[in-house]
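Got a structure here, written out as C-alpha cells. Questions coming.
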Amino acid sequence: MSKINKAACIGGGVIGGAWAARFLLSGIDVNMFDPHPEAERIVGEVIANAERAYAMLTMAPLPPRGKLTFIKSIEEAVKGADWIQESVPERIDLKRGVITQIDAASDPEALIGSSTSGILPTELQRDMKHPERMFVAHPYNPVYLLPLAELVGGEKTSPAVLEDAKAKLATIGMKGVILKKEIEAFVGDRLLEAVWREGLWLIKDDICDTETLDDVIRYSFGMRWAQMGMFETYRIAGGEAGMRHFIAQFGPCLSWPWTKLTDVVDLDDALTDKIANQSDAQSGAYGIRELERIRDENLVGIMHALKGANGGKGWGSGKLLAEFEAHLWENAPKPEAAIGAEPIRLLDTKVNPSWVDYNGHMTEFRYNQCFADSADALLRLIGVDMDYVAAGHSYYTVEAHNQWIDEAKLGDALYVKAQILPCDGKKLHTFMWLHRVADDAVLASCEHLMLHVASKEGKVVPPLPAVKDRLQPLIDAHAGLPLPANAGRVVGQKK
Ligand SMILES: NC(=O)c1ccc[n+]([C@@H]2O[C@H](COP(=O)([O-])OP(=O)(O)OC[C@H]3O[C@@H](n4cnc5c(N)ncnc54)[C@H](O)[C@@H]3O)[C@@H](O)[C@H]2O)c1
C-alpha cells in the first residue's frame, strides 16, 4: 500500500503543528520549518495535546512515534520528504512564493499539499516547475483528530496524484475526499461561511446571543451532522416518501424570507465587541487549552460511539477509526509468544482522563477493559487474528472473576501479565494481574475462561492446528507454575 515515508511541514501554527502531530503519531518522521521564534514551544504544545487525545482514542498499537526535527530553511526541510504540507498564513503571494520554493528544492515526485482554506490550487501552482504533484489538502482543526482532508486539484494537477494522496492519507487515519472541480473555499468552508454569516445576522439583530445560537446547534442538528451530514438526514426527514417529499415540502421555503445569506453583515467595532463580550460570558470561565482538551475528549467520545454503531460495523468517522485501527494491527510487528515458565506480559497502557471517575480513580469497567484487551492480545499471540475470525472460528469469553485490589490514578502507567491455567485449548483458562508500572503493585486480578467456537454453527470445537500449535507450548510451559493464590476464588471469600 502507498504510504508516507517522510513528511515536511512548512508552517507550524495551529494547523501545521497538528499536521505534524498526525504524521508523528503515525510513525512518520517530520521536518518542520517555521520562522516564528517560539515555533518549537507552540508545536510542542499541540503535539502534547495530540498524544493525550490518541491515548484516549485507540488501544491499537501505534507505531513508535516519528522524529520531529526543526530545520532552518525550506530548502533543507523538504529534502527527502515524500509528502510536503504547506500551512503558512492565508495570503496568496506568501503561499505561492513558499510553494514555488518548495517545488524548486524538493524531489519532483514528492506530493505537495496546501492547507489553504479557500485559495484555488491553480493560483498556487502558477509558478511551479512540477505543478502536477501540487493540490489542496484542506484539513479541519484539530487535524490530529478530525479525519477529513478536502483534496482539490488545480488545472495542472494530475488526477492520479489526487488518488495517490487519498490512499496515503488513509494510512494516517484520514479520509481524503476528492472534489470534482476547484472552487474558492471548496465545500466545507462554503457551507461554514454561509452558516456563520447567518449567525452573525442573528446576533446583530438581537434574535439570540452566542450561547443560545451554539445551543441550537449542539442540542440538535449538530448531533445529526456528526453522523449523517445534511442529505442523508433530510432523506429521513422526508419520511417514507424520502428525498422527493422533503424537497417538495421545504423547497418553497428557499424563496421565503428565511435567510439573509446574500447580505454580508458589517463586522464593525460595535458588532465585534458585542460578539466578543457574549463569547466571554459564554466560555470565559475556561482557558483556551482547557477548551481544547474538552473538545478533544468530546470528539474522541463521538468517534468511539460511532465506531460501535450500525450493529458494530461502524458508521462515518467511527467506521474510519475502526479501519485505521485494523491498519495499525496489520502493520504492528507480529507478536511472538515468550514461551517460558513465567506469566506473559500482554498489555501496556496508561490511565487517561476519560477513564477516571468522580473519585479521581480509574473507573470500574476500565479494569475490565484492560483484561478484555489483554485477552485479545493473548488471542493474537496464538494466531487468532482477523483472518482466523473471518474464516469462522474464534474464542468467546464465557466466565470471569475480577478482584479490585488497589486504585489506579490518572496518568498511571499499567501493564497486564497472564498465566495460562491447565486447560485443553478448547477451553482457554487464564489468570491475569493488572500491575502499576511505578512499583509493580497488583491493582486487580481476573480469572478468565474462553471457549473456542465455530462461530456460524455456534458450537464449541477444538482450535484449528495453526492455533493449537502456538497455544500448546504455552499451556505446557505454564503447567509447572504454581496455581495463583486467588485462582478458583469465589465472590465474598475472605482474603
Ligand atoms: N485555523 C484553522 O482552523 C484552519 C483550518 C483549515 C485550514 N487552515 C489554513 O491553514 C493555514 C495556516 O493557518 P493557521 O491557522 O495554522 O495559522 P497560524 O497563524 O496559526 O500559523 C501560520 C504559521 O506559519 C508560519 N509562517 C509564516 N510565514 C512562514 C513562512 N514563510 N514559512 C514557513 N512558515 C511561515 C507562522 O510563523 C505561523 O506559525 C492557512 O492557510 C489557513 O487558511 C486553517
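Cβ coordinates come from backbone N, Cα and C, glycine included.
Below are the features I grabbed from TrEMBL:
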type	residues	note
BINDING	Gly11, Gly12, Gly13, Val14, Ile15, Gly16	NAD(+) binding site
DOMAIN	6-180	domain '3-hydroxyacyl-CoA dehydrogenase NAD binding'
DOMAIN	186-251	domain '3-hydroxyacyl-CoA dehydrogenase C-terminal'
Count up the helix, strand and coil residues in the domain '3-hydroxyacyl-CoA dehydrogenase C-terminal' (186-251) according to DSSP, in that order.
56 helix, 0 strand, 10 coil
Report the residues of the chain - excluding Gly11, Gly12, Gly13, Val14, Ile15, Gly16 - with C-beta within 8 Å of the mean position of the site's C-beta atoms, for the recorded NAD(+) site, in sequence order.
Cys9, Gly17, Ala18, Trp19, Asp34, Ser87, Val88, Ser115
What residue among the binding-site residues Val14, Ile15 has the most other CB atoms lying within 10 A of its CB?
Ile15
Return the count of C-beta atoms lying within 10 angstroms of the C-beta of Gly12 (NAD(+) binding site), excluding that atom itself.
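Gly12 (NAD(+) binding site): 27 neighbouring Cβ atoms within 10 Å.
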Counting other Cβ atoms within 10 Å of each residue's Cβ, which of the binding-site residues Gly11, Gly13, Gly16 comes out lowest?
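Among the binding-site residues Gly11, Gly13, Gly16, the lowest count of other Cβ atoms within 10 Å belongs to Gly13.
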